[in-house]
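Colleague: Sending over a structure as structure tokens; questions will come in a sec.
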């Protein structure tokens, strides 16, 4: 009937608007049962279950054999890691697979047959599940005793496919690869040519005393290539040229040319190309997200416009305000946006909305409202008004910053004076007394600010919440200290009583005081700009970080399979091979070490010459020569992906974010009491192009399941 058709159109509009909010594709089934299933699938509960399942299956590697998830990494003192029974880990993994099978089945049904064959991610999802289940059956048949488990390397795919933004970021990175490859090939040519020059320049001579450079670094082609590759990271500079430099200073020209051309020109050229290309491809991805949002809103308008008889001319299509209000009641969206759109509708004098008006209403989704701070209390007393003016003035906050700085300086002075003293010689009276004084001031400052601003206005500022929380924690710790050890007095250094010693309590208080000093950041404009840039990176680049987690995990699992049992504890062969080279603390810390520090000299040196003793060899001593050759390829590949490509990508995004904020700071315009900041496409929103009417309607006509109720 007509009522049933109207309900279907209302539900279709609700789903389209929710798709627009989340930047989802609208190409899915649109019948009543499918709409119910679609909303159920994207409900918070279902998505939370899916996210929990992904977390569990990734975390399994921390407890599966081999595992080194222990408190200490020292093999001499650590207890045996927990080795859960095979049935437990395999059962958990099977439950995870069942959730993924349900997930892919629902997605495939909702998408429809035609869209299914176009979706490469969905087909890869099914293929990954088939391989993983096959490998799981093999593990079960061997009672988890087999060393090779292919499905472990595939586990990060479940995280990757569940995030649309991660897929877009990965696609952008993939599109940037051709340009990056050209520079990397140029870098490889630079490395190869200088390797040839080095082997000719430092060839073996008759005088063995003069061949130190050849013996240590350029004995053969692999050694020469490795030496110059490490020099490219500056990890072995200037050690690598000392023997040749001692023989003849002119040899330094070779190394200077190599470093200048490689480090200063080619590596920075790579950064410039990545910044330029990646920004362009990411901008295209963000543009497609904007198109999805506008398309979802326009689709909602089209189905709602069919609720009443309209002229055949599409330009005269309209939607009643009442129908839109009915849709908004069902839509799951941010409360601020819903309230803003509802208020605009109620203030609208017309009963019908055109397509342009409808689209304009939902531009509220592109804004992130910064709530207006509540008003301060109004006091009638002249005295209270003066108190409110004095303690609500910014200068009172500056005074608090000066006091916090004085507190930091006093703590530094005490720490310097007591640095070389034994705990028994230390007198904590002075430090305890000044801490007591400053904490009382912080408490008084907080109470006076609350008196001047009111509780609601005080808590509306993040800096005040940060300040107040630390003040309360400091006060509780101070009361706990006094209740156990009494008030400070000369010679105040009692023995341990309770959970923490006096010195531990004082140290904890001092660390919180130092942390509290961060309150000065909002008062320093340039520092605040830098901090907000970093915070925006954390908020808006979660997809980028997620892909980094995927790469970390895949390389760590590969490291388990390649080097398991190859490391022997130095000087303690009776312990046997260390099976802890795994996804636990060992593998991840090793990869993180290379990612952050470029210690290729130690790592590659240990794998190629396991008899040499060094700090790196204590961690990476290998006893199998065949594995050593592959180890170089493994670590160089990780270095290229993480330290070369990934760090440059991060620098590119950091630059873009900072430049965006700097431009806004330099061209800031007056704003109203409620400021708006662009979200999601934060860095690119100002340069995005709005899709045209023709583009939207052409895309809607290509929808495989949409049948407008006209």
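Heads up, the Cβ atoms here are built off N, Cα and C, so glycines get one too.
All annotation found in TrEMBL is predicted automatically rather than curated by experts.
According to TrEMBL, the record shows the following:
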TRANSMEM  41-63  transmembrane segment
DOMAIN    53-278  domain 'Ion transport'
TRANSMEM  122-142  transmembrane segment
TRANSMEM  183-203  transmembrane segment
TRANSMEM  251-275  transmembrane segment
TRANSMEM  395-417  transmembrane segment
DOMAIN    395-658  domain 'Ion transport'
TRANSMEM  429-448  transmembrane segment
TRANSMEM  469-488  transmembrane segment
TRANSMEM  508-531  transmembrane segment
TRANSMEM  543-566  transmembrane segment
TRANSMEM  578-595  transmembrane segment
TRANSMEM  602-621  transmembrane segment
TRANSMEM  633-655  transmembrane segment
Colleague: Counting a contact as 3 or more Cβ pairs under 8 Å, with residues at least 6 apart in sequence, do the transmembrane segment (633-655) and the transmembrane segment (251-275) touch?
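Modeller: The transmembrane segment (251-275) and the transmembrane segment (633-655): touching, yes.
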Colleague: Which of 41-63, 429-448, 469-488 shares the most C-beta pairs under 8 angstroms with the transmembrane segment (543-566)?
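Modeller: Going through each listed stretch, the top one turns out to be 41-63.
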Colleague: Over the span of the domain 'Ion transport' (53-278), how high is the average pLDDT in this prediction?
Modeller: 84
Colleague: State the non-local partners of the transmembrane segment (429-448) in its own chain: residues 6+ outside its ends, Cβ under 8 Å from one of its Cβ atoms.
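Modeller: Hits for the transmembrane segment (429-448): 387, 391, 396, 400, 403, 406-407, 410-411, 414, 467-468, 471, 474-475, 478, 481, 488-492, 506, 509-510, 513, 516.
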Colleague: Is the transmembrane segment (251-275) packed against any residues at least 6 beyond its ends, judged by a Cβ distance under 8 Å, and which are they?
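Modeller: Beyond its ends, the transmembrane segment (251-275) has Cβ neighbours at 176, 179-180, 182-184, 186-187, 190-191, 194, 197-198, 201, 213, 228, 231-232, 234, 237-238, 240-241, 244-245, 644-645, 648-649, 651-652, 655-656.
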